[in-house]
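S.K.: Take this structure, written in structure tokens, and hold onto it; I'll ask about it next.
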Ligand SMILES: NC(=O)C1=CN([C@@H]2O[C@H](COP(=O)(O)OP(=O)(O)OC[C@H]3O[C@@H](n4cnc5c(N)ncnc54)[C@H](OP(=O)(O)O)[C@@H]3O)[C@@H](O)[C@H]2O)C=CC1
Ligand SMILES: CC(C)CCC[C@@H](C)[C@H]1CC[C@H]2C3=CC=C4C[C@@H](O)CC[C@]4(C)[C@H]3CC[C@]12C
């Protein structure tokens, strides 16, 4: 954005005239970053940081799997391996951690899975629903078939497992070739990101796109907000239909492998069950997810697409992967306690999201926790000059803190890692990552809402003081 553009934007912001979020040339993420980055080095945030993340994240995923497989899950052992192991030359380290492998059996599984996701998404019927209107006036339309897709996929997976058994093949093949598999997904995801960026730059699907002269920024953050190929929504496929389903299936596969190696293991079952119930909830609420920041603010690039294909497969599944080589005995009472607390966390998390959606659907005319909902009506201007209004709920969970739903989300992440025990920190990597992600996300969301609602958001913040943890933060 030019200096003049920035000034114009700042004036709009100061006068509270900032509109809804969009991602075209006067894209809000960009606008937000102008505000946030005040005084920051542009070179750092637009070149060094994206480049570092694009190199470091695949390296990290690869290292974590290496630690599980070759360093007995111990980070200390891993470092001594890298630093002092005479048999490990620098070349081997580089080849091990920075390579883009193409393992054909894995590639076939990945491509078939992706094709399956696309075809089923197109074929399964579902009511039409729309996402929020963008500033360019675009209204993304989807079909509400996520839950059916999830259930059919689980049934097909069970049938396929039985069928493969007759040929002496097991889905645990994926576990046995996990290093090759992840590296192939990584190669595939990088290719896909390049494709999506090129498409966004030269053949955007809608006007909600933003392209800068910096390829690193574009690659990391993406160009298009709602990219479609043959009317297939890329973000719906990568985030939900591939990413979330892969997470569920991988958790089942890792649990199967634990059973295969060690017989019935309560810790693996608890971790897998909690993940599955959580993802069942996700698919039930998928149309709600299509209205969150990932979809309406973040564009399709490395962060989202690579993240959902590789990071989710490698990091989000870590507790169940870890349990294959480090099975634990929980005992009946701990099994029941962890399951009960986990289900409760999933319920509270779902109930928070539901409460917000219900109040908005009822235009504030409904009860929350047995009392008339307390709402703040926040007017805002779209950049096209039209006025719009949103409802901010200030009772129920949404009076406890501004992102109270992150509390059960974190509790759950802890609970499904807990079966791994406390001897190693590695299986808690997802939990630690989530703490950082959600604290940052709460901060990002606050800034987004302050830009959008101006003084009304400040009023809501005065009413609901805490960001995530009531009384703490
Ligand atoms: N496991 C994981 O990796 C992660 C899981 N999650 C989960 O995803 C789900 C969605 O979370 P997230 O995407 O962060 O988004 P939220 O559900 O927190 O949505 C934030 C948006 O809701 C609106 N909003 C904010 N405050 C209020 C209010 N008081 N009343 C009504 N609307 C309000 C604003 O949008 P508007 O512009 O419409 O006003 C705001 O931008 C949660 O369940 C969360 O736990 C989230 C991140 C990571
Ligand atoms: C590149 C990496 C360092 C970071 C990649 C992050 C993304 C993979 C994740 C960022 C936000 C995540 C999600 C948000 C909300 C969700 C709803 C929840 O119910 C299920 C999980 C998820 C879809 C989750 C998935 C991963 C992210 C997109």
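Cβ coordinates are placed from backbone N, Cα and C, and glycine is handled just like the others.
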S.K.: Among 78-98, 204-224, 330-350, 351-371, find the range that TrEMBL records as transmembrane segment.
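M.R.: Within the set 78-98, 204-224, 330-350, 351-371, TrEMBL attaches transmembrane segment to 330-350.
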S.K.: Of the ranges 52-72, 178-198, 388-408, which one does TrEMBL list as transmembrane segment?
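M.R.: Here TrEMBL associates transmembrane segment with the stretch 178-198.
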S.K.: Between 21-40, 421-440, I'd like to know which one TrEMBL lists as transmembrane segment.
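M.R.: From TrEMBL, the annotated transmembrane segment range turns out to be 421-440.
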S.K.: Can you work out whether the transmembrane segment (107-126) touches the transmembrane segment (236-256), with the criterion being 3+ CB pairs under 8 Å where the paired residues are 6 or more apart along the chain?
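M.R.: Result for the transmembrane segment (107-126) with the transmembrane segment (236-256) is yes.
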S.K.: Based on Cβ pairs under 8 Å, which of the stretches 146-166, 236-256, 300-318, 330-350 lies most in contact with the transmembrane segment (178-198)?
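M.R.: Comparing 146-166, 236-256, 300-318, 330-350: 300-318 has the most Cβ pairs near the transmembrane segment (178-198).
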S.K.: Restricting to CB pairs under 8 Å, which listed stretch, 146-166, 300-318, 330-350, is in contact most with the transmembrane segment (421-440)?
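M.R.: Most Cβ pairs under 8 Å with the transmembrane segment (421-440) come from 300-318.
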